[in-house]
């Protein structure tokens, strides 16, 4: 039986659009040969071409991850890093590629005759790096070897595809291929990034905090393009992960079915994936840190950059996205995309696209989070929809994440009302995005939070002094005893035998205990442990936490324990920190599932819980 609580609630949504990144204003040559999206007058929304994936993602023969030519030693180190990441081994010493940086921050180059027609574009891409870092690109001369202490140089040529070697890898010529399809400013900037030592951004081990990789949509045999490295094998210099990095894959690279292979956890940021317009602020900061640019340029007398900005090679402030001004003093939270972010906790409510029922604006990105009490579910009903039509909803769309709000959801567009959406937990995320052209009326929807009355809490007591009772064997090495006092009341008693933790497992029987790996010592990094507790048909699982300690974060996105009460209903919390339910949790059916996930840093003691089979 469901008890639907209807309370008055209405959320008025204000107009919001995604702010363009701001920062140092430079004369950056813009890409002119990229395909333009046709206007509504010529296409009526039916023939538009989706945003193309970066050309550097198209696989070149012999290249790793599409466009990186690695030496045998580099490939061995990368494969070791990937194997270490998969096996959860401790990090190796960071060796990538400090010895392969360009000495004195000078990179000699030649443009071969085959690329003479692209020389202006290539020079513009090098200028872009020079304008924002302390790196200098110099035409190769006979004096370079004596000045720099090596004979290495990069050579641009018209090869087969878009690719580059990584770092200073050879003692003489080091080629960068700018093939016929690669004549784009951003693509050349990307390949130069590899030459100075950058790997792809999505290879970082902390990527799962920012993006989801959808291997189910990846072409068979191309999965290695999405492998992660260990921290010991990347050079991040404490620069935050950046979905807008010019070194990041786009959203549809290596797709087998036209669906995304990468999405951002924050759906408002999906449009930043694969940008090849210019270096991002994080790209610039990373280059300046690994080449120690601030040690070369004396900016000690320059005014301090505000709001996380930093000095470039010319002592100008480079500002984070949404900040501007000489010192990054302008903008900020009032113009950030988060302004179009709404959270609903009332039992009923209404959500609409910005400006509804008038047309929404171009380049809109909004998120609506709905959260109910633990154990509840959410039903979302669309009342009106008029959104630009495209088969896969790649232009404008409303997306509903009804299972895992950090994963990909189902997209809707056009004029057909979607079916009622029902969440599997107490959380649902709805996002709305639009592209740079063609707008419509948008959408209107209402939601109701539903309380499941079948989730009840029975009363139990834990005792540490075991009486003389019958001993039952459980699936783990600890021993528990069950004493029956009368048909309606049972007392669960636990021996003093320490519980032995595990990374997942299946637990059956009348009662037992589960614990995280190494408990009560700290668990390891990079874990995913699945625990299944199952009792006889017709009975329920009752779970009581005895101790709990996981890395704390507001949304539990780093380390977490997720509990599924069965029958598609999830307890609506990713538990973390030191707080846990004081009452017992009872499954909907005869099965309960726990999922422990940890990231690549910061540990805690984990958890231990007792379970038993009960009758309701």
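Positions of Cβ are set from backbone N, Cα and C atoms, glycine also.
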Remark   = Among 200, 214, the candidate listed by Swiss-Prot alongside 190, 194 for Zn(2+) is 200
Request  = Among 430-460, 461-491, 492-522, 523-553, indicate the range for which Swiss-Prot gives the feature region 'Disordered'.
outcome  = 461-491
Correct range for region 'Disordered' (source Swiss-Prot, candidates 30-67, 68-105) = 30-67
Rounded to the nearest Å - Cα separation of residue 576 (disulfide bond) and residue 529 (disulfide bond) = 15
Ask   = Residue counts in helix (H, G, I), strand (E, B) and coil for the domain 'CUB 1' (340-450), per DSSP?
value = 1 helix, 54 strand, 56 coil
Query = Which site among 190, 194, 200 has the most other CB atoms no more than 10 Å from its CB, taking these as binding-site residues?
reply = 190
Query = Going by C-alpha positions, which of the recorded positions (134, 190, 191, 200, 317) is nearest residue 529 (disulfide bond)?
reply = 200
Query = Looking at the recorded positions 194, 328, 340, 366, 503, 556, which ones sit with their CA no more than 10 Å from the CA of residue 317 (disulfide bond)?
reply = 328
Cβ atoms near residue 366 (disulfide bond) (within 10 Å, other residues, all chains) = 28
Ask   = What does DSSP call residue 190 (Zn(2+) binding site) in the simple three-state scheme?
value = helix
